[in-house]
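Novice: This structure is in structure tokens; I'll ask about it shortly.
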Amino acid sequence: MSKRIAGPEIERLIQLLAKVPGLGPRSARRAALHLIKKKEQLLSPLAAAMSEAADKVRICSTCGNVDTADPCMICTDPRRDAGTIIVVEDVSDLWALERAAAMNVRYHVLGGTLSPLDGIGPDQLNIRSLIDRVAGGEVKEIILAVNATVEGQTTAHYLTDQLSGFDIKVTRLAHGVPVGGELDYLDEGTLAAALRSRTAF
């Protein structure tokens, strides 16, 4: 049993920080110490921001994004192409695509991927509302931006099957060589996907 090195409030802060993805126990201790040292500049404003987020953040009933409004800012933006929806696994994927700023479209967050071994079927994901959005008639293209994992591919095939009865185009992100990537450092699966996804030059 490890010795306690601080009061219960500090220990609780460290334990909670350690649950944040990317922070292990050591990183959580360092983060907690930094926050405590910068109490006025960081800890107090962070606590206030987290409390406000807990009160005001909602899940968008249209697309599954997180925002302080429902529907979210993306779904209500009239400048976005409502005819194209990019389907992603998680909100973090949506944010990554938004940072790339490649397309001004709408999104749909599934909340994960199909994984029968983990007990995750279609009913556990945000799939029914995607079908309902497509059935509304405004959507012309669905872009499947799921990860290139077994579960991601299973989900993509399932969605393609579910959307086959609609007069829409279903596409998927190309997989392959990253910008600035050297072929010698890529794995065989990535190279094979790049060859299959080749385009005219």
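Each residue, glycine too, has its Cβ placed from N, Cα and C.
On a predicted model such as this, the values are computed, not experimentally measured, just so you know.
According to Swiss-Prot, the feature zinc finger maps to 60-75, an assignment based on sequence analysis. According to Swiss-Prot, the feature domain 'Toprim' maps to 83-178.
How about a rundown of where these features are and what they're close to?
Specialist: DSSP labels the residues of the zinc finger (60-75) in these numbers: 3 helix, 2 strand, 11 coil.
Residues in the domain 'Toprim' (83-178) partition by DSSP class (helix H, G, I; strand E, B; coil) as 37 helix, 21 strand, 38 coil.
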Novice: When the pLDDT values for the zinc finger (60-75) are averaged, what is the result?
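Specialist: Mean pLDDT, the zinc finger (60-75): 97.
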